[in-house]
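These features come from TrEMBL:
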- 6-29: transmembrane segment (TRANSMEM)
- 22-271: domain 'G-protein coupled receptors family 1 profile' (DOMAIN)
- 83-101: transmembrane segment (TRANSMEM)
- 121-140: transmembrane segment (TRANSMEM)
- 179-206: transmembrane segment (TRANSMEM)
- 218-242: transmembrane segment (TRANSMEM)
- 254-273: transmembrane segment (TRANSMEM)
Amino acid sequence: NTNFPWLLFSLIFLVFVISVASNAVMIILIHIDPHLHTPMYFLLSQLSTMDILYISTIVPKMLVDQLVGQNNISFAGCTAQHFLYLTLAGAEFFLLGLMSYDRYVAICHPLRYPILMSRKVCLLIVAAAWLGGSVDGFLLTPITMQFPFCASREINHFFCEVPALLKLSCTDTSAYETAMYVCCIMMLLIPFSVISACYTHILITVYRMTEAEGKRKAVATCSSHMVVVSLFYGAAMYTYVLPHSYHTPEQDKAVSAFYTILTPMLNPLIYSLRNKDVTGALKKALGQCSSRRIRKDFLQ
């Protein structure tokens with residue numbers, strides 16, 4: 001609730017448009033520019049696809065509710081939103097974890113990069129990420145939604161997230177919450193272990209480098225990935241790993257808004273602003289569009 005509903009609506013709508021547009025531009029640039037036809041950018045295009053689907057699962061419903069002045073959602077709609085959210089969030093978790101392997105190979109084994117990061121390996125990474133996310137969605141959604149909701153049926157949240165839904169149940173959900181806690185720990189622990197192992201080897205390799213330019217380039221290629229991982233994993237750890245006694249429903253909403261609404265917008269901006277290849281591809285594409293327009297105007 002807010003005293004300025006139209007200001008909140010405009011702000012969320014602006015973030016949504018920027019997020020979808022920036023991720024779509026990333027996907028298009030990676031597709032049309034031959035210099036970006038590399039494993040790293042292929043994985044980035046998958047990340048952008050996930051971000052578009054991720055934010056579209058939650059924000060359009062929020063905007064429509066604010067526009068028409070109602071905050072209702074059907075049981076089927078809540079189930080679908082819950083499943084898609086878990087699947088896409090899980091897929092992004094696994095993809096970000098596996099993307100660290102690409103950086104590890106690029107810096108620690110550059111000569112073997114074309115073999116270790118072949119097209120087949122890239123497709124396996126993407127398939128593993130989607131499969132991991134789907135397992136999460138198919139496993140947790142039926143269990144969460146089978147609990148009888150005999151409380152007020154008023155979700156103290158802006159979308160159907162697991163902790164908020166469980167508070168509506170009139171049965172004891174402690175066993176399920178413990179199991180879900182262990183599941184979330186595993187989901188975070190597996191990718192985080194991969195990231196830690198890869199970046200430990202990367203740091204050792206960078207430390208042993210003698211050329212300053214090589215060190216700078218290595219740090220630049222890894223820093224964007226680490227920023228995105230820190231934002232996404234940090235917010236998820238706060239929500240699902242930190243005991244509920246340490247945070248309030250209002251804090252939960254704020255953190256959830258960060259990683260469901262702001263993170264999909266920040267991801268492409270972090271990668272594009274800190275990446276000369278992407279900014280170069282964007283300038284080239286804009287230049288081509290501008291020259292075509294000038295040529296068309298001249299011919300007319």
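For all residues, glycine too, the Cβ spot is worked out from N, Cα and C.
Whatever TrEMBL says is automated annotation, not expert-curated.
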Report summary line: One stretch in 6-29, 179-206, 218-242, 254-273 has more Cβ pairs under 8 Å to the transmembrane segment (83-101) than the rest, namely 179-206
Report task. Quick one: average pLDDT across the domain 'G-protein coupled receptors family 1 profile' (22-271), no decimals. Result -> 84
Report summary line: Per the Cβ under 8 Å criterion, with at least 6 residues separating them from its ends, the transmembrane segment (254-273) contacts 12, 15-16, 18-19, 22-23, 25-26, 44, 47-48, 51-52, 54-55, 58-59, 85, 157-159, 161, 224, 227-228, 231-232, 235-236, 238-239, 247, 279, 282
Report task. State the residues, same chain only, that lie 6 or more residues beyond the ends of the transmembrane segment (218-242) and have a CB under 8 A from a CB inside it; answer 'none' if no residue qualifies. Result -> 40, 89, 92-93, 96, 99-100, 103, 106-107, 161, 163, 180-181, 184-185, 188, 191-192, 195, 199, 202, 205-206, 209, 252, 255-256, 258-259, 263, 266-267, 270-271, 274-275
